[in-house]
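Engineer: If you scroll down you'll find the structure; I have some questions about it.
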């Protein structure tokens, strides 16, 4: 049976001190919770937040990683450096990286494999833009991103893969897919993974929803058969909005 995975992506928010304070509050509030939890602060706060999370049931996540292993790559952060800070999960392919920073499927796949080969867990983000959604191309776009993102990933590493469906038109806009719409896309993602890796791996795969999940809609979304958690942006920046989501299931 798949468990729920509730993750917060803090993006470029919070000073180090603010990040530590929020992490401390979340550790208190989520202690003993039955699900998997994660927070991904900025790179600058990873070390300090990691110390707060140590020994808790909240995983430390990173928002991105270099596709390169090591070396002269100014401004990049390697998976070895993240691992050194205690990072357990890495977000790859977020729409703000795909569309805001021009990351393509090939680069995203390189990052996915780099993370998995290091022994860490990865959250692979996929999703369609507004014009693709309006053109009825959602499943085609998302299926292509899943296949490309997981290309050449060994079956033995799939237990460390989570997929997050983030309809780009719903991020930061206050819009959200209906639970039925989101569930249909999640079911399609699972069917693509089934084609690639077989039914057992597809059924075990955790698929998060990442399109403006908040306390008001979390329960309905998470009640759907194929929605196994959330990758939460804005609502993860305060305990008062994140904790109710985590407790909604």
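A Cβ is built for glycine as well, from the same backbone N, Cα and C atoms used for every other residue.
What you see is a predicted model, and the numbers here were worked out from it, not measured in a lab.
Residues or ranges marked as substrate binding site by TrEMBL: 9, 10, 11, 172, 212, 233, 234. What TrEMBL records for 94 is active site, electrophile. As annotated by TrEMBL, active site, proton acceptor applies to 166.
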Engineer: Within 10 Å of the Cβ of residue 11 (substrate binding site), how many other Cβ atoms can you find? Include all protein chains, please.
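Structural biologist: Other Cβ atoms found within 10 Å: 17.
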Engineer: Since the record lists 9, 212 as binding-site residues, which of them has the fewest other Cβ atoms within 10 Å of its Cβ?
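Structural biologist: Each of the binding-site residues 9, 212 was scored; lowest Cβ tally within 10 Å is 212.
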Engineer: Which whole-number value in Å describes the distance between the Cα atoms of residue 10 (substrate binding site) and the residue listed as 'active site, proton acceptor'?
Structural biologist: 15
Engineer: Counting other Cβ atoms within 10 Å, pick out the least crowded of the binding-site residues 233, 234.
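Structural biologist: Sparsest of the binding-site residues 233, 234 by Cβ contacts within 10 Å: 234.
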Engineer: Within 10 Å of the Cβ of the residue listed as 'active site, proton acceptor', how many other Cβ atoms are there?
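Structural biologist: By my count, 26.
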Engineer: Could you list the residues of the same chain, at least six apart in sequence, whose Cβ is under 8 A from the Cβ of the residue listed as 'active site, electrophile'?
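Structural biologist: Same-chain residues close to the residue listed as 'active site, electrophile' (Cβ under 8 Å, separated by 6 or more) are 9, 63, 64, 125, 166.
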